[in-house]
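Notes to accompany the following structure.
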Amino acid sequence: GDRAARWLAPRALPPPPPLLLLLLLSRAAALHPDELFPYGRSWGDQLLQEGDDESSAAVKLATPLRFYEARFSYLYVGTNGIISTQDFPRETQYVDDDFPTDFPAIAPFLADIDTSKGRGQVLYREDTSRPVLDLAARYVRSGFPRTAAHFTPTHAFLATWKQVGAYEETTRRAPPSEERNTFQAVLASDESNTYALFLYPTNGLQFFGTRPKESYNVQLELPARVGFCRGEVDDLKREGPYFSLTTTEQSVKNLYQQSNLGAPGVWAFHIGSAPRLDSIRSATAGGDLAKGRSSAPPEHSVNLPAVLESDYTEDNLDYYGENEEEVEYPPSELEETLNGHSSVGGSFQSKAESRPSGESAPLNPQSQEGRPPWGMDTPDLNSHVESSEQSGTRGPTPSEIEGESLDPSQGTLPPYPENKSINPSTFGGAPPSEVDAPPARPEGKVILHYPSPAHSIPLGRGRQVLGVEDVITSNTEVFTYNAANKETCEHHHGQCSPHAFCTDYATGFCCHCQSRFYGSGKYCLPEGVPHRVNGKVSGHLRVGHTPVHFTDVDLHAYIVGNDGRAYTAISHIPQPAAQALLPLTPIGGLFGWLFALEKPGWENGFRLTGATFTHEMEVIFYPGEERVHITQTAEGLDPENYLSIKTNIQGQVPYVPANFTVHLAPYKELYHYSDSAVTSTSSRDYSLIFGATNQTLSYRVYQNITYQACRHAPRPRAVPTTQQLNVDRVFALYTEGEGVLRFAVTNQIGPVEGDSVPTPVNPCYEGSHTCDTKAQCNPGTGVDYTCKCASGYQGDGRSCVDVNECEAGFHHCGPNSVCTNLPGSYSCDCRSGYEFADDRHTCVLIAPPPNPCEDGSHSCAPADQARCIYHGGSSFSCTCLPGYTGNGHQCTDVDECSENRCHPSATCSNTPGSFSCRCPPGYQGDGFQCTPDPASGLKPCEYQQRSAHAQHAHLGSWLHIPQCDEQGHFLPLQCHRSTGFCWCVDSDGHEVPGTRTPPGSTPPRCGPAGEPEPTRRPPTVCERWRESLLEHYGGSPRDDQYVPQCDDLGHFIPLQCHGKSDFCWCVDKDGREVQGTRSQPGITPACIPTVAPPTVRPLPRPDVTPPSVGTFLLYAQGQQIGHLPLNGTRLQKDMAKTLLSLHGSIVVGIDYDCRERMVYWTDVAGRAISRASLVPGAEPETIINSGLISPEGLAIDHFRRTMYWTDSGLDKIERARLDGSERKALFHTDLVNPRAIAVDPIRGNLYWTDWNREAPKIETSSLEGENRRILVNKDIGLPNGLTFDPFSKLLCWADAGTKKLECTLPDGTGRRVIQNNLNYPFSIVSYADHFYHTDWRRDGVISVNRDSGQFTDEYLPEQRSHLYGITAVYPYCPTGRK
């Protein structure tokens, strides 16, 4: 009908609250585009680069801005309607997700905006001009008359999105949209406070949401998000506070029509202050902007999101139009299609759109002097305002409105306690009749938005994160009630939903959803919010006589519960099946019944079934009598509270030509309810239309829904035995270009209509006939009917048996095919090695492609050296077997003995592709670990001599072999056979200080123990000076006191330093400082020895391994694994690259197997553990994909070919072979948040961290899970990263709570701090004398020197997002020392 006529039609309404009157009466004074804050290049604005996901450079603020409790000196502006205090991650990590974000966000209109090809501009600047600051001050003072009456901003930051468009995928059929949005954000601040103003001019919002890129074809539109997020405050699973203003499309529409300070389109918020501000505070309504203060305190507190949700200014116009024939382009959103296409009339109208005749609001406009700066008259709320409180009427939950307490004597309600944030569960709004009443006073409840770690929802695509009271999780394990063996709530309450309460009854317990939630008790969903369904569809159909098969195609559904709309999209069903399924709206109709809009006293399906049930449908088409059976199985709620559904379709459907459209009229269905079962039988007509052709057909639907109800309650929930589902809107569409089949229905559940005039029902229609289930019931006159066996059956109609077409020869299967009899039909399948030709009847021979790996035509090395991997077609790859190295085409044996795989005392024997280790006589062990045999009776000298001989093969002539006498004692004089140095030793083999002589000189005179002391060379200048100073210092100098450093021959070491400080310099041979060499902290001067070196270089310490060429780091960054080479210990940042791109994954833990050159990683999005060879062209391989929830830390034992991992979702530590076999859970108790894990294969120890906030700890055990014990549990906070260095024998961790990098010995002793000023470390690895850790504040890799603790370098990838795990890849397998 005419919209204006509907607007003027009288209706009976209760008087609305004052704020609603203000919002209604201020419609005519909406914000004009010219009344935005001034902007443009002439005002000094910078222009953001056009594009889909752009962000500005950092804008340095003249004065830091306060946001929540912190101060920030930089701001960034993004294309997608958002401002932040840090650079943005990729838009896929936040633009399609609900609040909160994991980074600080100020969002006037967060959506997928695209300014490419001239589709608008984004402008921004910092401004200190008086006109801008004065206008901002007037807005703020009006919105906060009590707390900001004298607010005088000194700086303002303005961001304007001018005529920007939504992201769209270009198609040939759909023209680009002309819808554009204009809006503005202003941040005004002084030294103590910051206020945000969001401005939305008239016609400034022409689109209200955008479609997610990753499911663009599903035709779902996500409403824009408006609000504020503090971002992460401490760790992976802990978000900071946030404030959200919109959740539905209607709430976004109302942004430019309503306000929280009396000026439609203008919104004000207090977002930061010097006294700690833990939550965003919204402005009060109706202030006097001309004076900057309120004329009277507000009389009523109104929930802003609830007000936004309700439609006070527009009709809910028909979303079906007059003409369905004018479809030229596929719709960009199902609702848009429904808005313009239907033959069904009618309209929906809002109760708040008009007032009854004679009930005009008695509000007095202000004088002209009090006129606000945007040109509207603000009503005086002091005059003639009456309370509209009504008993029994539910009001909106209070929002957070800043103001002072009212005098109770005035008859008004006192203000509510300050909330930490607006509760998102209240954003669903309420019908206008519910909003009309003032809110009831809450019972002291303060709602915090800090999600509990125990119920945190995993990061993922499209997630919806709620607060503590609204975090929705589900227990996906199926359970049943057992009356024979009574179960009680005490032991089984965990089977209930987190949002349900448990009640014990005589025979058992039952779960019941809490207030504001509904469902079966086991599964509960919040009321008033949209719901989503994910699932898979499989089918074996005959379309006419053409067989069509499809498996696990995607199904997505979106249900708007508060108005009964259900949208379903199924992708990739092959033709002609997709077109033929158009009439089968019951596939999507299930979700309409499940979440139907409920009339008072009546219940939709989800209240009964919850999320586990089975829906069986039998559909018979007329006149062809084709039958199809559909089974839909609900399997619970996933972690994101999406309902999971499996659908299977079997049978035959009539052929629908490709160019025909299908139209279905509205219909009504009766559902009959009994204990744990619901049944329905109905008939439906549908029309096939093409041009002037219009053919009407029909089908009959038999539905049976079974579910598990709780029978223990003495008075089960009263459900009417019969309910009527009214389906007012029906829509079916198949878009061949997109390959998506869509259904849309609008549903309402309620009483049976017209029961007062019963009419006789033919038994064929009510199912009371006596025909066989395989027969057709043909109605006659009155209640007469006849029965006829269906096609494929024979009999008298009351008894029908199947006809075996295969045996009777009635089939039409061709040569090389097999006929299979089916109930009522048959099928033809090609024999093995054959496939259907294009006619779908003839079977032709399949020519198998040659397999080079089987026919021997490959070019791989021999089978005992390499493996050929077939990739299909003629493609293959070669990879060397373990124990060999090469490109797969040529493989050479790896000499494991040269890599020191065995114990130093063991004998290593290399064999082709392998090796063996054997302990020498006098030792015991497996060759990897050798210990002296206690029964051998060796003396210390003999033991050291034998060990030196064993190591001689590795270290050659550099190793000193002790000389022993005939009794096995040390000879007093020891000389190195290669270097020529000589020295005296005591009876234990320890060198006597001062007796070492250089090569070519006279050896010292050494006597046996008990004889006069051996001769010593005279002390040198360096040694005398050292002894003098030590005596002066009392034997123990302080860290900052200088003591000369001398070598073994008493010469000055060229580099001298002040104690343990970083102040160093070079000296000559006499100890005099070389001018110009004194360094600053952190810089070591390069000093050249001035004493001629001996003919043979000194032997380096055997436990120091110099960095090898070819070492690099691998780091995890969301959906990719990065490669960062090392030059020594320096980061070769210009050589960094992406090693693997893993779309759809979130890689967290990562480690490397040096034996087979394989990288392993955990994926928390895919809930899997995978690996890939570093051989070029290798493909990733998933090795574990079940029994995981949140796999995080990962460690590889290359000796034992075993991997270990932590799962913070299951609170487990598990192990398995590297191929995923022999899986075993090591620990599943006393774990809260296990994260990092490290292995010491040499000593056989396992280490892991648990960042339990109440009691963080680092634990250890054997690799078999024995001897578990706590190593560290004092002075740690969030131990995110853990690494074990096999060379230094140090266990080290990076703590994001204490900000420290610390190390300890494997037994927990010798703890020391390496660095105490980290940012936010996540993972850490050690290599040589450096640590490398990923950092979430810098979003990069940071290197730290192990000895000095200094930061030495950092690498920040171009693509900025969080980095997770990190590991080092050596060109060999490290050994370490025992």
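Heads up, the Cβ atoms here are built off N, Cα and C, so glycines get one too.
What TrEMBL records for 1-30 is signal peptide.
As annotated by TrEMBL, domain 'NIDO' applies to 108-274. Confidence annotation: the domain 'NIDO' (108-274) carries a mean pLDDT of 87 in the model.
The compositional bias 'Acidic residues' feature in TrEMBL is assigned to 311-336.
Taken from TrEMBL, the feature compositional bias 'Polar residues' covers 339-351 (among others).
Positions annotated as compositional bias 'Polar residues' by TrEMBL: 380-396 (among others).
The feature domain 'Nidogen G2 beta-barrel' is assigned by TrEMBL to 529-759.
Annotation source TrEMBL lists domain 'EGF-like' at 760-801 (among others).
If you look up TrEMBL, you'll see 802-844 (among others) marked as domain 'EGF-like'. Beyond its flanks by at least six residues, the domain 'EGF-like' (802-844) meets 542, 546-547, 627, 652, 774, 790-794 of its own chain at Cβ-Cβ distances under 8 Å.
Summarising the annotation, TrEMBL assigns domain 'EGF-like' to 849-892 (among others). Outside the domain 'EGF-like' (849-892) by six or more residues, the chain places 912-915, 1155-1156, 1173, 1175, 1177-1179 with a CB less than 8 A from a CB of the stretch.
Annotated domain 'EGF-like' per TrEMBL: 893-929 (among others), in sequence order.
The domain 'Thyroglobulin type-1' annotation in TrEMBL covers 938-1006 (among others).
The annotation disulfide bond is assigned in TrEMBL to C975-C982 (among others). The Cβ of C975 (disulfide bond) lies under 8 Å from the Cβ of Q963, F981, C982, W983, P1003, each of which sits 6+ residues away along the same chain.
If you look up TrEMBL, you'll see 1019-1087 (among others) marked as domain 'Thyroglobulin type-1'.
For C1057-C1064 (among others), the entry in TrEMBL reads disulfide bond. Taking the Cβ of C1057 (disulfide bond) as reference, residues of its chain lying under 8 Å away and at least six apart in sequence are, in sequence order, Q1045, F1063, C1064, W1065.
As annotated by TrEMBL, repeat 'LDL-receptor class B' applies to 1157-1200 (among others).
Here TrEMBL flags 1201-1243 (among others) as repeat 'LDL-receptor class B'. Distant neighbours of the repeat 'LDL-receptor class B' (1201-1243): 237, 453, 458, 928-929, 1149, 1151, 1153, 1155-1156, 1158, 1160, 1162, 1169, 1171, 1183-1184, 1187-1195, 1249-1255, 1261, 1263, 1265, 1268, 1279-1284, 1286, 1291, 1293, 1306, 1323, 1375-1378; these residues of the same chain sit at least 6 beyond its ends, with a Cβ under 8 Å from one of its Cβ atoms.
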Under 8 Å for C-beta pairs, could you tell me which stretch among 529-759, 938-1006, 1019-1087 has the largest tally with the domain 'NIDO' (108-274)?
529-759
Please give me the CB contact count at 10 A for C982 (disulfide bond), counting all chains in the structure.
19
